[in-house]
Amino acid sequence: MQSTKKAIEITESNFAAATTGYDAVDDLLHYHERGNGIQINGKDSFSNEQAGLFITRENQTWNGYKVFGQPVKLTFSFPDYKFSSTNVAGDTGLSKFSAEQQQQAKLSLQSWADVANITFTEVAAGQKANITFGNYSQDRPGHYDYGTQAYAFLPNTIWQGQDLGGQTWYNVNQSNVKHPATEDYGRQTFTHEIGHALGLSHPGDYNAGEGNPTYRDVTYAEDTRQFSLMSYWSETNTGGDNGGHYAAAPLLDDIAAIQHLYGANLSTRTGDTVYGFNSNTGRDFLSTTSNSQKVIFAAWDAGGNDTFDFSGYTANQRINLNEKSFSDVGGLKGNVSIAAGVTIENAIGGSGNDVIVGNAANNVLKGGAGNDVLFGGGGADELWGGAGKDIFVFSAASDSAPGASDWIRDFQKGIDKIDLSFFNKEAQSSDFIHFVDHFSGAAGEALLSYNASNNVTDLSVNIGGHQAPDFLVKIVGQVDVATDFIV
């Protein structure tokens, strides 16, 4: 029997985005499509939900074995190891976390608490704690260990009668462990090991020091650092590009995993939150102040009217506001995603040629400078092209219904364009959309009506062949039928 699975081989050309109109929107809407029987790089593709379950396949939580979705209160500490010469693995040269390490570890803990119902409380070094942090410098035979990075134990790990759950250990010979920073591998290491201490496994059955595993050994295609910081493998295997930077906080599949274990934190960022430039998140990894400062994150947001502000970047960007989607931001690829169940309402592009795709909410999309492509999707959207030759794309009557119409706020006659080509494509007719002086009730009729008193043009279209138009866009400015449409 012939396989029904869709096979995709990741190459550079897979992610060469279309640059104009509907094709650019369609490319972005299908960017990093996953699950549903797809195979990528010869491996089964897992959905976000499947990946989250696989990362938690050991079924260990601090609430007990297979006790899922329940909140938890945990303690943590930074022991001084004054009276300990060897840890449980036989490593020596033990030392207390420095002030810098402690600060970065607390930020990593905070990033997990942001997305799940976990409360962390610090206790004194000598007190028993659920999660502990410590450095080592020599391996079991007594050699200075420059090969390993760190390791940790899942909850309820019992070895030779000892409960090792929650212990996390770090090789202080590694400079990024000794001096971790936001975009450095050290910060990711802290967040990764805390993930283990909370109950997360690697996305595949591998561990450092056990053989020589590679991406070819993965269980599913999305086992990369584009989808999970619990992964060992580069984001480039799935077409991402973090530009040599590393995530500091849980990524898309990590959020699904940790919320499966402890439930979602529905008190995180419930107000009107801005991510990127002009950020009010109070989180370093969700904020940037310059074109050279890149962001790598998965957005978890519990409410409010929220904005992706990537206005300070000069590279061409592709911004998708749909849940479980990926965006290319600040010259990187697939470096920003949105967790399941999250609605981000607004997006601001930079000075490059951007593609911005909205969702079913009432979006405000601003292209900024450059030749941008804007697609609001459902909802009553406000579209601002900004300077440059911009294209406003529509693909369904529901994108801009008369009762909830979109507004194009800054249309430039003879420069910008309105793309209705998908309606012709769907009707399999090159002239389905045709402009008329009045409606007769025939499907595909389009009419422009300009009101000079308020400088607003109504674009009405009868998509379904009803008695009245079922599609209406309000446009500030005049529109020329001959030059301003793509059909």
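Backbone N, Cα and C atoms are what each Cβ position is placed from, and that goes for glycine too.
The active site annotation in Swiss-Prot covers Glu193. Annotated Zn(2+) binding site per Swiss-Prot: His192, His196, His202, Tyr232, in sequence order. Feature annotation from Swiss-Prot assigns Ca(2+) 1 binding site to Arg269, Gly271, Thr273, Asp301, Gly303, Asp306. According to Swiss-Prot, the feature Ca(2+) 2 binding site maps to Gly304, Asp306, Thr343, Glu345. Residues or ranges marked as Ca(2+) 3 binding site in Swiss-Prot: Gly350, Gly352, Asp354, Gly367, Ala369, Asp372. Here Swiss-Prot flags Asn359, Ala361, Asn363, Gly376, Gly378, Asp381 as Ca(2+) 4 binding site. Annotation source Swiss-Prot lists Ca(2+) 5 binding site at Gly368, Asp372, Gly385, Ala387, Asp390. The feature Ca(2+) 6 binding site is assigned by Swiss-Prot to Gly377, Gly379, Asp381, Asp399, Asp406. According to Swiss-Prot, the feature Ca(2+) 7 binding site maps to Gly386, Gly388, Asp390, Asp416. Residues or ranges marked as repeat 'Hemolysin-type calcium-binding 1' by Swiss-Prot: 348-365. Summarising the annotation, Swiss-Prot assigns repeat 'Hemolysin-type calcium-binding 2' to 366-383.
Positions of Swiss-Prot features highlighted on the structure.
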residue: His192; record: Zn(2+) binding site; Cβ within 10 Å: 27
residue: Tyr232; record: Zn(2+) binding site; Cβ within 10 Å: 20
residue: Gly271; record: Ca(2+) 1 binding site; Cβ within 10 Å: 11
residue: Asn359; record: Ca(2+) 4 binding site; Cβ within 10 Å: 22
residue: Gly368; record: Ca(2+) 5 binding site; Cβ within 10 Å: 23
residue: Gly378; record: Ca(2+) 4 binding site; Cβ within 10 Å: 18
residue: Gly385; record: Ca(2+) 5 binding site; Cβ within 10 Å: 29
residue: Ala387; record: Ca(2+) 5 binding site; Cβ within 10 Å: 15
residue: Asp390; record: Ca(2+) 5 binding site; Cβ within 10 Å: 26
residue: Asp399; record: Ca(2+) 6 binding site; Cβ within 10 Å: 21
Rounded Cα separation (Å) that holds between Asp406 (Ca(2+) 6 binding site) and Gly376 (Ca(2+) 4 binding site):
8
Using Ala361 (Ca(2+) 4 binding site) as the reference point, find which of the recorded positions Glu193, Gly271, Thr343, Gly350, Asp416 has the shortest Cα-to-Cα distance to it.
Thr343
By DSSP, what is the split of the repeat 'Hemolysin-type calcium-binding 1' (348-365) into helix, strand and coil residues?
0 helix, 6 strand, 12 coil
Expressed to the nearest Å, what is the distance separating Gly379 (Ca(2+) 6 binding site) and Asn363 (Ca(2+) 4 binding site) at their Cα atoms?
7
Which site among Gly304, Gly376, Gly377, Gly379, Gly386 has the most other CB atoms no more than 10 Å from its CB, taking these as binding-site residues?
Gly376
Could you tell me which of these binding-site residues, Asp354, Asp416, has the greatest number of Cβ atoms within 10 Å of its own Cβ?
Asp354
I want to verify one value. Collapsing DSSP to three states, which class is Arg269 (Ca(2+) 1 binding site)?
coil
Looking at the binding-site residues listed here (Thr273, Asp306, Ala387), whose Cα lies nearest to that of Asp381 (Ca(2+) 4 binding site)?
Asp306
Whole-number Å value for how far Gly367 (Ca(2+) 3 binding site) lies from Asp399 (Ca(2+) 6 binding site) (Cα to Cα):
18
Could you give me three numbers for the repeat 'Hemolysin-type calcium-binding 2' (366-383), the DSSP helix, strand and coil residue counts?
0 helix, 6 strand, 12 coil
Any idea what the Cα distance is from Glu193 (active site) over to His202 (Zn(2+) binding site), rounded to a whole Å?
10
